[in-house]
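J.: When I checked Swiss-Prot for this same protein, it listed these features:
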BINDING   166-173, 191-195, 213-216, 283-286, 312-314  GTP binding site
BINDING   SER173, THR193  Mg(2+) binding site
DOMAIN    1-159  domain 'Obg'
DOMAIN    160-331  domain 'OBG-type G'
Amino acid sequence: MSFIDEVKIHVKSGDGGPGCVSFRHEKFIEFGGPDGGDGGKGGNVIVEASRNLSTLLDLRQHPHQKAGSGKNGMGKDRHGAYGKDLRLLLPVGTVIKDAETDEVLADLTEPGQPLVLLKGGRGGQGNARFATATHKAPRFAQPGEPGEERWLRLELKLMADVGLLGMPSVGKSSLITKVSAARPKIAEYHFTTLKPNLGVVAYKNYKSFVMADIPGLIEGAHEGAGLGHRFLKHLERTGHLLHILDISWMPDRDPIREYEAINKELSLFNPELAEKKQTIVINKMDLPVVKENLAKVLPYFQERGLKVFPISAATGEGIPALLDEIARQLWGAAEEEW
């Protein structure tokens, strides 16, 4: 199962309509002059970001998109109607690239702001345009110009304030379920989360932030292991990272080693990712073994000046304090400090 964050589509602007060859035919005028009108301009291809969309699924199902062509010119100097624009609404955060050259054509970081990606072809001129003193009855007109066409690759990077980072099955999906309206699929096996999930977390005083439940990473993710390339790409625009650890498996699994392995993957994929601020979250505090193991891992993080928040995504223990810390990271202060 793949998640929809990249799609290749073909877009074409509208062709211009052909000009018209026509002559006046009126009572008592035996040899009327040329009156062929111009063809209409083809429709443009326009892209615009919208917060109402969160995936590229619709374009994956309909990869060929075309604007309307201009209508034919007509007699009596009537111009053809313009072709209808093709307006593509895309999720905020979509990067548009030329599929052949990999050139970035647009980076839709804000909603609105429509951008003309391909211009429609010009309409052809009618024969009325070609009449001269020496050539009063031109019997030709221009064809319309063809529209532009292009193969595009659309990449969607999540626009989230907070990203949940960690090995598979450490409780990221459980946490985002607890604090937001998101309902990701949850089960006790690796790679349950097969696509990034977004949840809106309602904080105090009507404030909110977006949390991204990024699928679990494994060693070799920067080389694509476990779909790692796609997963890591979603972290690039996340403002703050929560690094979730499960210490219930000690000593069979070493959470410190897992923490270091993931940070190594971040650095190998993009050094700037490894520099992002992280808050350490120890999950599953409702289990007695986790309370016993907490003292064994705390010194490692304290020595590195990292804040550690013990929580239980199952019971809600410690989550209010964690949300206050997120608020401090995002806005500079928790609600009660304002």
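The count begins at 1 with the first shown residue.
Keep in mind that glycine also has a Cβ here, set from the backbone N, Cα and C atoms.
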J.: Looking only at SER169, SER173, SER312, which of these binding-site residues has the biggest number of Cβ atoms within 10 Å around its Cβ?
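T.: Of the binding-site residues SER169, SER173, SER312, the highest Cβ count within 10 Å belongs to SER173.
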J.: Where does LYS172 (GTP binding site) sit in DSSP terms: helix, strand, or coil?
T.: helix
J.: If you average the pLDDT over the domain 'OBG-type G' (160-331), what number do you get?
T.: 79
J.: On a simple 10 Å Cβ count over all chains shown, which one of the binding-site residues LYS172, LYS284 is most densely packed?
T.: LYS172
